[in-house]
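Here the structure is laid out as structure tokens; the discussion comes afterwards.
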Amino acid sequence: MLEGVEHLLLLLLLTDVNSKELQSGNQTSVSHFILVGLHHPPQLGAPLFLAFLVIYLLTVSGNGLIILTVLVDIRLHRPMCLFLCHLSFLDMTISCAIVPKMLAGFLLGSRIISFGGCVIQLFSFHFLGCTECFLYTLMAYDRFLAICKPLHYATIMTHRVCNSLALGTWLGGTIHSLFQTSFVFRLPFCGPNRVDYIFCDIPAMLRLACADTAINELVTFADIGFLALTCFMLILTSYGYIVAAILRIPSADGRRNAFSTCAAHLTVVIVYYVPCTFIYLRPCSQEPLDGVVAVFYTVITPLLNSIIYTLCNKEMKAALQRLGGHKEVQPH
């Protein structure tokens with residue numbers, strides 16, 4: 001499904017670009033871009049390749065293990081674990097969309113990406129990233145229902161409702177990414193083709209456009225800002241009710257267990273929103289720190305999410321022990 005959407009998007013955008021070329025005739029269209037990537041001394045190419053390769057393999061295997069565990073362990077066939085399965089798939093796919101091209105650059109020096117490849121990369125990243133943003137909000141709502149309305153949870157969050165909400169996050173991500181990608185690549189690219197970034201992203205592409213990008217920058221800020229702020233406020237509201245409900249639990253053990261179920265989700269939300277805010281919710285810049293932050297939220301964050309959810313989630317740790325054939329360690 002994702003591949004079909006990407007191919008349709010690419011066809012529409014390239015058709016639009018070709019029509020503009022025929023109309024303007026005096027502009028030279030860019031056929032490819034060069035991903036500058038991380039600035040580093042040549043002798044660090046091999047060590048960086050090995051470091052990012054290890055991170056990439058750990059990310060794919062860690063998130064893949066979470067998905068496998070949720071699918072095979074019937075005790076995890078619950079809404080929160082289903083949402084976690086979606087999150088792991090998103091993290092794994094984001095890593096697969098960005099990291100292989102970086103690895104090729106470190107090892108082979110191959111940093112060229114076709115115009116169509118750049119379109120697909122930008123679309124994929126914003127599609128997956130926006131879907132993840134909606135999913136975090138949905139997971140907070142699920143925790144709100146489970147802790148604040150436990151007696152009604154099973155009747156509200158049915159299997160059908162759970163699947164419908166999860167599908168809604170994917171549709172929302174598709175709409176957002178189609179809008180952003182088409183808005184960026186309707187601009188003419190007729191000269192510079194060096195993308196001073198680790199992948200084709202909106203701020204970096206706007207700097208290469210042969211036209212005024214003020215409207216694009218404003219629309220990007222408004223669109224991403226509205227979505228991020230709305231989702232973040234909904235998450236904060238949900239956790240405000242959750243904390244109030246937890247504090248009313250009489251036993252210390254009960255409060256501790258309730259907090260532990262929410263700690264992992266809150267941690268990954270913070271890890272997601274801080275770099276997102278830094279990159280998109282400020283004026284377009286070309287600071288070296290941008291590349292470092294981009295590496296963090298495209299390479300490091302997907303790995304951190306899998307680690308956080310396996311270390312902070314008691315149910316997931318127990319399920320992994322069962323999957324590995326180890327006896328569960330019962331607390332004394």
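Even glycines carry a Cβ here, placed using N, Cα and C.
Listed in Swiss-Prot:
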- 1-46: topological domain 'Extracellular' (TOPO_DOM)
- Asn26: N-linked glycosylation site (CARBOHYD)
- 47-67: transmembrane segment (TRANSMEM)
- 68-75: topological domain 'Cytoplasmic' (TOPO_DOM)
- 76-96: transmembrane segment (TRANSMEM)
- 97-120: topological domain 'Extracellular' (TOPO_DOM)
- Cys118-Cys210: disulfide bond (DISULFID)
- 121-141: transmembrane segment (TRANSMEM)
- 142-160: topological domain 'Cytoplasmic' (TOPO_DOM)
- 161-181: transmembrane segment (TRANSMEM)
- 182-218: topological domain 'Extracellular' (TOPO_DOM)
- 219-238: transmembrane segment (TRANSMEM)
- 239-258: topological domain 'Cytoplasmic' (TOPO_DOM)
- 259-279: transmembrane segment (TRANSMEM)
- 280-290: topological domain 'Extracellular' (TOPO_DOM)
- 291-311: transmembrane segment (TRANSMEM)
- 312-332: topological domain 'Cytoplasmic' (TOPO_DOM)
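With pairs at least 6 apart in sequence, the transmembrane segment (259-279) and the transmembrane segment (161-181) have fewer than 3 Cβ pairs within the 8 Å limit; the two do not touch. Ranked by number of Cβ pairs under 8 Å to the transmembrane segment (219-238), the listed stretches 76-96, 259-279, 291-311 are led by 259-279. In the three-state DSSP scheme, Cys118 (disulfide bond) falls into the helix class. Secondary structure by DSSP for the topological domain 'Cytoplasmic' (142-160): 13 helix, 0 strand, 6 coil. For the recorded site, Cys210 (disulfide bond), the DSSP three-state label reads coil. Beyond its flanks by at least six residues, the transmembrane segment (76-96) meets 56, 59-60, 63-64, 66-67, 69-70, 124-125, 128-129, 131-132, 135-136, 138-139, 142-143, 146, 157, 162-163, 166, 169, 268, 298-299, 301-303, 305-306, 309, 315-316, 319 of its own chain at Cβ-Cβ distances under 8 Å. Mapped onto DSSP helix, strand and coil, the topological domain 'Cytoplasmic' (68-75) counts 7 helix, 0 strand, 1 coil. Here the topological domain 'Cytoplasmic' (239-258) has long-range neighbours at 140, 143-144, 147-148, 266, meaning same-chain residues at least 6 beyond its ends whose C-beta is under 8 angstroms from one of its own.
Remote same-chain residues near the topological domain 'Cytoplasmic' (68-75) are listed as 81-82, 84-85, 315-316, 319-320, 322-323 (criterion: CB distance under 8 Å, separation of at least six residues from the stretch ends). Long-range contacts of the topological domain 'Extracellular' (97-120) within its own chain (CB-CB distance under 8 A, at least 6 residues past either end) are made by residues 6, 9-10, 13-14, 17, 29-38, 45-46, 48-49, 52-53, 55-56, 59, 128, 181, 185, 189, 195, 198-200, 205, 298-299.
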